[in-house]
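As annotated by Swiss-Prot, domain 'Protein kinase' applies to 22-274. As annotated by Swiss-Prot, phosphothreonine applies to T27, T178, T264, T350, T363, T377 (among others). Annotated ATP binding site per Swiss-Prot: L28, G29, V30, G31, T32, F33, G34, K35, V36, K51, in sequence order, evidence recorded as sequence analysis. Taken from Swiss-Prot, the feature active site, proton acceptor covers D145, and the record attributes it to sequence analysis. Per Swiss-Prot, region 'AIS' is recorded for 297-376. The phosphoserine annotation in Swiss-Prot covers S351, S355, S392, S481, S491, S519 (among others). Swiss-Prot lists 480-531 with the feature region 'Disordered'. Per Swiss-Prot, the feature compositional bias 'Polar residues' maps to 480-500.
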Amino acid sequence: SWRKMATAEKQKHDGRVRIGHYILGDTLGVGTFGKVKVGKHELTGHKVAVKILNRQKIRSLDVVGKIRREIQNLKLFRHPHIIKLYQVISTPSDIFMVMEYVSGGELFDYICKNGRLDEKESRRLFQQILSGVDYCHRHMVVHRDLKPENVLLDAHMNAKIADFGLSNMMSDGEFLRTSCGSPNYAAPEVISGRLYAGPEVDIWSSGVILYALLCGTLPFDDDHVPTLFKKICDGIFYTPQYLNPSVISLLKHMLQVDPMKRATIKDIREHEWFKQDLPKYLFPEDPSYSSTMIDDEALKEVCEKFECSEEEVLSCLYNRNHQDPLAVAYHLIIDNRRIMNEAKDFYLATSPPDSFLDDHHLTRPHPERVPFLVAETPRARHTLDELNPQKSKHQGVRKAKWHLGIRSQSRPNDIMAEVCRAIKQLDYEWKVVNPYYLRVRRKNPVTSTYSKMSLQLYQVDSRTYLLDFRSIDDEITEAKSGTATPQRSGSVSNYRSCQRSDSDAEAQGKSSEVSLTSSVTSLDSSPVDLTPRPGSHTIEFFEMCANLIKILAQ
């Protein structure tokens, strides 16, 4: 949902503009609707790119009616080679789109500085770009301004397509009449003012990008614009001798003047040059994607995000109205799940770039990680235990014996909301240490002792978060670590139980003060020993983890 600023639309922070939790910095670029600035999280230092859309310009272009639902859908886009939209902040004068920031700069600048890429590297980047284009086309979004300036590179030289954000949703029979984009990359039908449907113009632009990767120059270029237009409309371009004949045939098919004869994504995917060394995760297969079965979880998520009824969504699906934003959102959710599953399998079997999923890190010692949204930015360290914001202030803290984790590319707030929902469903009690750090406990009905664990959300990289499960052995460890209140009663009464009222919870907190000590002493002087057997705490911890993971996976 769009977040409204409660006070002034722009707040000053030490002379700098602040939007939400982000301090705006240098301008990264200027577009049709406004500027793109780098933003830095005021607490963590995490960088984002903030696109500023001027409401007056949006009104003048008559796109107010569709931009809200379109942006809502774009927030669902999750693809390893498309810049992600994290958050939208709305003010009376502007709309701020908080997006993924990558450090490698534009592909355009890289080519200008380093010249053409070798064939293998060109193919690798082109495969990534086409995968992103295909993902958006299947969800009724056309870019219309693909060019090396809109392809960004991350720290590992992987492609990230930017600026899908303001493209129109495609509809059958609805042609995109707006001639936009850079002439050098524009298809003949665009510059000549003819009607065009959308996907085919992205294919042309992708062909120009492929040529630039392989040759270091543009296929159509001239300082005199009328001459440039003639070259594009003639479709004749120079092919250097060093080019592979196979890739020349692909380029000629993609840069076909007649859009009806131009290559489709299916044609490109089946081309022998493109298929070589193609990672499976870029085009995952899913036999259930076109299934007529309705996914209840996806249906529920669409209703929550769009504040609509199930009947509205089902009506779009049953009527096969695939262009409706509700239907697009539904298929996006299912598609995201499919892509993540396929990508996980791929990355477990290969050595992937660090920029996507990072599941291979699970087999190595913990790398440096930065906690998300904590009160301070700690020094770089090497274990999850040391990175706990409270524990880091204390020396000699014993490392937890166990840690488990779930990785996700969802937004941090969404992850924690799902975690709290699952905890509530399991009837566990929990205490909020900070919005991204919870302590959870479950009472053993036999021994009346509590099994306790902590849940901490960590940021692994700019796209991935790790929900860390840690066993809490005893109250003494908690008190020393600074994560619990020194008084037992204070610690207990701060736990939340969804089944009780506040007064009931307070009464339970007082009575539980005794039961907390029952793990080491009996409730009275009788010889009954309720001390858990060695290892039982570990077993109960794993049971808690398993129950929670099962709910989260539903």
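Cβ atoms here come from the backbone N, Cα and C positions, even for glycine.
Using CA atoms as reference points, the recorded positions G34, V36, D145 were checked against T27 (phosphothreonine), and the closest is V36. Reduced to three states, the DSSP call for T27 (phosphothreonine) is strand. Comparing Cβ neighbour counts within 10 Å across the binding-site residues L28, V30, V36, the minimum falls on V30.
Taking the recorded positions G34, D145, T264 in turn and counting surrounding C-beta atoms within 10 angstroms, the largest count is reached at D145. V36 (ATP binding site) falls within a strand segment according to DSSP. For the pair T264 (phosphothreonine) and G34 (ATP binding site), the C-alpha distance works out to 33 angstrom. Cα of G34 (ATP binding site) to Cα of D145 (active site, proton acceptor): a distance of 16 Å.
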